[in-house]
Amino acid sequence: MYKDYRDSRITEGVCNMTMDSSSMTMPMSDPNAWATAMNNLGMPPMGLTGQPLMPDFDPNLGMMAGITPMNPMMPGLGMVPAPLSQDIPVIKEIIHCKTCTLFPPNPNLPPPATRERPPGCKTVFVGGLPENANEQLIMEIFGQCGDITAIRKSKKNFCHIRFAEEGTVDKALFLSGYRIRLGSSTDKKDSGRLHVDFAQARDDLYEWECRQRMLAREERHRRKMEEDRLRPPSPPPIVHYSEHECSQLGDKIKDDGKFAEAVRVLLTWLERGEVNRRNANNFYSMIQSSNSHIRRLMGEKSQHEKEMEEAKEKFKTALAGILAQFEQIVSVFQAASKQKAWDHFSKAQRKNLDMWRKQAEEIRNMHNEQLMGIRREEEMEMSDDDMEDLPDSKDSEDSGVSQAEALKEENDSLRCQLDAYRNEVELLKQEQGKNQPIRSEEDSTHSQQLSFLQQALQGMQKQLLKMREELKQREAELQKSSEDKQQLKTQVQNLKEGLQKLQSAQATQLETLKQDDRGGEESVNQSSEVTVVSCSQEKEGPTEKTPQSPVHSEREALLVGIISTFLHVHPFGASIEYICSYLQRLDTKINPSEVEALLSRLPCTFRQELTGVGASLEKRWNFCGFQGIKST
């Protein structure tokens with residue numbers, strides 16, 4: 001029967017449902033069943049009209065006394081049941097309606113199969129209806145799931161129901177598999193098995209697509225608003241060139257606060273090609289004013305560099321103070337670790353104190369390395385400056401002389417330009433006195449030229465004064481550099497004298513060593529006369545030199561002793577990284593390559609072995625001094 005229903009649904013399809021029918025609300029046959037269903041969901045029992053069915057309901061209890069739990073899909077249930085856990089099985093019970101009764105399927109059977117849910121599905125396919133079923137019966141059964149907008153019933157015992165909301169479709173699917181019986185009749189035409197499944201309707205798809213397009217429009221609008229909010233503001237428009245704007249821009253360029261904005265306008269005018277023979281002097285004066293800001297910017301840069309150096313000094317002093325406090329804290333932990341105070345602490349307190357001491361030492365070492373790094377950088381910078389100053393002192397003196405000469409030449413050229421400007425101003429005045437201006441436009445241009453020339457003269461005078469001051473400063477620097485050169489010469493002379501003294505002392509030491517060697521040779525000759533046989537045997541054998549000691553310094557001897565003690569308590573040996581990690585606690589400057597070279601020079605004291613197989617192969621060093629003393 002189910003196969004016939006599916007075939008008939010596939011053949012007929014679902015057409016566009018435009019049939020509208022008013023939602024029918026059926027009276028509840030049993031209000032207690034409705035209250036029990038809502039109580040099982042943990043909700044206060046409410047009727048279809050909104051009035052409370054049980055005034056003594058306690059939401060904290062979840063169940064009301066005297067009412068047995070029933071199926072949540074009882075008639076009158078108008079909400080989607082809460083999602084149940086996968087571990088808790090859904091219990092379906094008998095549902096009594098006004099004109100029919102719904103019997104649940106066998107719980108041991110698998111759940112009924114359903115097709116893939118179409119997007120925006122509001123329509124369900126209902127098959128297996130009794131032959132005597134009508135729209136009123138369908139409304140009575142499925143009307144409790146939610147508002148129904150359309151019902152399309154077929155003659156072959158199936159129908160399509162379209163709900164107002166998508167959520168009601170899930171509640172309708174809950175009834176799939178139920179056996180239906182009209183009244184108490186046993187006739188085959190009054191019974192059937194319901195099969196509820198998703199249906200594909202064009203109206204549902206159209207509404208879903210409209211909703212998706214609306215959401216896409218809202219998302220595009222939101223993104224556009226966000227982009228507009230995050231977009232940087234557009235720069236202000238550049239004014240067009242005119243005589244009035246040019247005069248105002250000249251004043252703005254001279255102002256330090258408005259220089260950045262004014263120079264941008266000047267750059268735009270130059271790129272647009274606003275310069276011509278008539279206004280070339282105006283642009284020249286503005287470019288000259290822009291050039292005068294270089295000195296101010298260099299001064300600001302030096303000021304910021306000075307502030308940065310002061311900040312570095314402050315950071316250095318603060319770091320030194322912090323390091324001193326860390327040293328005090330570490331000393332406190334060391335004092336507490338002594339046996340006089342350590343025995344009075346409990347085991348947990350000792351554990352905490354040990355952990356805190358290690359943390360404090362690690363932080364202290366880290367800050368100490370940071371401070372030492374800063375000092376090493378400063379020393380390297382100072383040494384680089386000294387190395388540059390010593391060979392380049394002559395070059396710096398020559399460069400200072402050349403700079404002074406260049407400043408003198410620039411000063412002379414500025415004077416010549418100033419005289420030329422003065423002559424040009426006088427000629428303009430004479431021409432203005434002899435010939436009266438014919439046109440007002442020419443008068444305005446002459447007056448503007450005069451004003452610009454006066455401004456240029458003032459600027460040149462200021463530059464002359466500054467150049468004179470720079471010349472005086474350079475002369476003072478030259479004098480100071482000559483004094484430094486004299487001091488360096490005296491230092492070099494002293495170093496040469498000290499070198500000669502050292503050479504003479506070395507010569508005397510060599511003479512004494514030669515005399516000692518001669519005395520040793522005489523003693524050797526005397527001993528050779530006494531022991532002739534032993535000397536002949538030694539001559540026959542190869543000449544052997546006294547072996548050089550593998551330990552070169554006292555520091556290496558201390559390392560050998562410490563490593564021997566460390567490996568003596570590790571009978572199975574230790575890797576070079578483990579040994580270095582132990583030694584670096586005593587001295588952070590110890591290098592693993594140095595330690596490994598020292599161990600390899602002492603084969604009778606330390607022996608290297610390979611342990612492990614394959615990827616776990618590891619080199620370990622063992623202490624073999626007790627065996628080596630027998631072989632040496």
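For all residues, glycine too, the Cβ spot is worked out from N, Cα and C.
Just so you know, TrEMBL annotations are computer predictions that nobody has curated.
TrEMBL lists coiled coil for one of the ranges 182-209, 294-321, 406-433, namely 294-321. In the domain 'RRM' (122-201), helix, strand and coil residues by DSSP number 18 helix, 28 strand, 34 coil.
On the 0 to 100 pLDDT scale, the domain 'RRM' (122-201) averages 89 in this prediction.
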